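Undergrad: Structure provided below as structure tokens; questions to follow.
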Amino acid sequence: MKDLFFTRKNDLKTVDQVQKTISYIKEYLKTCYPENEISVFIRIIIEHITKRSYPQAVISGTKLTEEQTILLHSILDRLKTFEPIQYIIGETEFFGLPFHVTKDVLIPRPETEELVELILNENKKSGLKVLDIGTGSGAIAIALAKHLEKADIEAWDISEEALKIATLNSDSNAVNIIFRNVDVLKNYPTDTKFDIIVSNPPYILEKEKSGMDQNVLDYEPHTALFVPDNNGLLFYDRIADIALDLLEPNGKLYFEINQRKGEDTVQLVKSKGFINVCLFQDLNKNDRMVRAEIDR
């Protein structure tokens with residue numbers, strides 16, 4: 001066992017095969033994470049450290065350099081504090097695209113990919129004008145820019161640091177997006193009308209913190225997550241009003257929502273005069289998306 005598991009870089013000098021590195025990672029993290037999550041970490045870590053695809057690294061039995069070994073231990077130590085792997089390596093994937101992420105932005109979720117898929121399925125026209133409110137890392141806006149033909153896309157966020165990350169991601173994915181620093185609860189630009197407005201705004205109630213994973217609470221930006229218990233639809237109310245002002249005739253509004261607030265969100269949007277309001281569930285059968293159309 002001594003030649004298989006190691007504690008620091010000097011012990012790794014005789015352990016040069018990826019399979020042994022994999023065994024070590026499993027042993028190191030087994031008291032902190034379930035086996036299926038560790039398997040995901042292993043693939044991400046090996047690819048990040050070796051700069052090769054996971055199958056290539058495993059087949060070749062790539063020997064880790066001293067620098068790679070130091071990086072491995074740094075990653076594992078941070079994982080033991082439950083820091084999200086995406087922040088540790090500084091990147092993630094969304095809708096098949098690479099994204100740079102820091103603690104200034106939320107980590108894009110698979111449920112949000114479903115929102116993008118819904119928009120793409122319902123909107124095939126070329127040259128659409130799209131606004132993403134609360135863009136964060138730019139995930140929604142960039143994914144739409146990649147797949148909507150000749151779309152003009154604008155994205156807003158209250159955080160200047162988030163907009164720096166979104167701009168970096170826009171550049172690395174070779175799409176053109178107009179980014180603006182906007183606090184939608186105050187003033188907003190009115191110089192452009194849009195065919196589609198989409199938002200995944202803060203929607204988690206403060207009282208729901210107790211049921212959340214510690215890695216989310218400790219590391220992800222709270223301003224992008226939480227709303228007051230007494231005003232859970234704060235951003236939906238405001239963004240729906242903005243949509244009434246900025247949507248073109250027959251324009252559409254898309255929301256990602258709190259799964260416990262599906263019907264409430266639908267009723268809010270209907271009360272403002274939107275038509276063809278529809279509630280959609282995600283792959284886990286949770287209420288997750290709302291689509292509405294403007295009545296003009």
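For all residues, glycine too, the Cβ spot is worked out from N, Cα and C.
Because the structure is a prediction, the values reported are computed rather than measured.
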Undergrad: In TrEMBL, Gly134, Thr135, Gly136, Ser137, Gly138, Asn200 are given as binding S-adenosyl-L-methionine, so which of Asp157, Asp171, Asp229 is in that site too?
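TA: For the S-adenosyl-L-methionine site that includes Gly134, Thr135, Gly136, Ser137, Gly138, Asn200, TrEMBL also lists Asp157.
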Undergrad: So what sits near Gly136 (S-adenosyl-L-methionine binding site) in its own chain, CB-to-CB under 8 Å and at least six residues off in sequence?
TA: Val105, Leu106, Pro108, Asp157, Ala162, Ile165, Ala166, Asn200, Ala224
Undergrad: Which of these binding-site residues is closest to Tyr203 (substrate binding site) if you go by CA atoms: Gly134, Thr135, Ser137, Gly138?
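TA: Result for Tyr203 (substrate binding site): the nearest of the binding-site residues is Gly134.
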Undergrad: For the binding-site residues listed here, Gly134, Gly138, Pro201, Pro202, which shows the highest count of neighbouring CB atoms within 10 A?
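TA: That would be Gly138, with the most Cβ atoms nearby.
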